[in-house]
Amino acid sequence: MSTVETVGRTSGEPLREHTTLRLGGPARRYVVARTTDELVTTVRDLDDTGEPVLLVAGGSNLVVGDDGFDGTVVRVATTGTGDGCRTVAAGQDWDAYVAATVAAGLGGVECLSGIPGSAGATPIQNVGAYGCEISQVLESIELYDRRRREVRVVPAGELGFAYRTSVLKGTDGGVVLSARFRLTDDGLSAPIRYAELARTLGVDIGARVPAADARRAVLELRRGKGMVLDPDDHDTWSAGSFFTNPVVADADADRVLATIADVVGADTAVPRYPADGGVKLSAAWLIERAGFGKGHPGPGGRVALSTKHTLALTNRGAATTADLLALAGEVRDGVRERFGVELRPEPLLVNCVL
């Protein structure tokens, strides 16, 4: 009997039940791996048959087409922490892990509170919020290398981190099994780097505060933007920020900024931040200035921009993935036509195209 048979499988599992957008058609097969050994052997056995594999954990950064996935979806359901909460299993709920580190008197990841999804997904896209990114606190990951067919430890420095990406994103060559973080044991947060968070806490940029205070403040800010999951709030039926903040190459920055100034007026300050090899612009600011306000509806009102945050595209209760992509395309095209800036989706698109 194969490992896939052992861990149990179902046919036609609706993937809308496994994404925070609550969208997505059926999986041809769906299996759950609850231990690291089950996860490795299940993926290995499926690879041996040439079966298409989709790994799903929290489903918070995933857009699945209405036709679903013609292969096997493996639910990563591994949980637990180790080494005094410095290591965490890939399937562990991320915010529960952050809460555990704070309760253990550790600091470092508190500014990433409230982000939905699993711990194993955070290094893949270099998750970040409120002045902190995974690349700043990750020490290493344990990875199943599907090509070498071996488990190995990969230092953070080898993951090619950049803004919302890593060498793991967009490839299927590795399965994150666990992550290890560099955390302080003095109960204080990492230095506060985000102005809005500093104002909420009443401290200066660079200050350190009790990690529990930083976590409470971040959760308060995220709730105000509909960025903490709540089954009764359709503003949270989303994939979080749907578009990444665009990074314009230094060579193009003056031209792009001049185009924006021509549209909004030279006296209007354009939010911009230094980035590797370029200038990072605010996607939310561009979306709003292109005429898409909070709550802007998509087809039939079944999808809409969040009423709290224009970067979140939301399912209002009876949407399809096609509805969502139509709204995303409208926003992307509107920003491009008005400012000449291309917005790119942050979630993984499976069996669908924007």
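Glycine is treated like the rest: Cβ placed from N, Cα and C.
Features of the protein shown, as given by TrEMBL:
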DOMAIN    23-214  domain 'FAD-binding PCMH-type'
ACT_SITE  Arg164  active site
ACT_SITE  Ser241  active site, proton donor
ACT_SITE  Glu346  active site
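Shown here: features listed in TrEMBL, placed on the structure.
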residue : record                    : DSSP class
Arg164  : active site               : coil
Ser241  : active site, proton donor : strand
Glu346  : active site               : coil
Specify the count of other C-beta atoms within 10 Å of the C-beta of Arg164 (active site).
19
Within 10 angstroms of the C-beta of Glu346 (active site), what count of other C-beta atoms is obtained when all protein chains are considered?
19
Between Glu346 (active site) and Arg164 (active site), what C-alpha distance do you get in Å?
8
Nonlocal residues around Ser241 (active site, proton donor), in sequence order (Cβ under 8 Å, 6 or more apart):
Ala283, Leu311, Ala312, Glu346
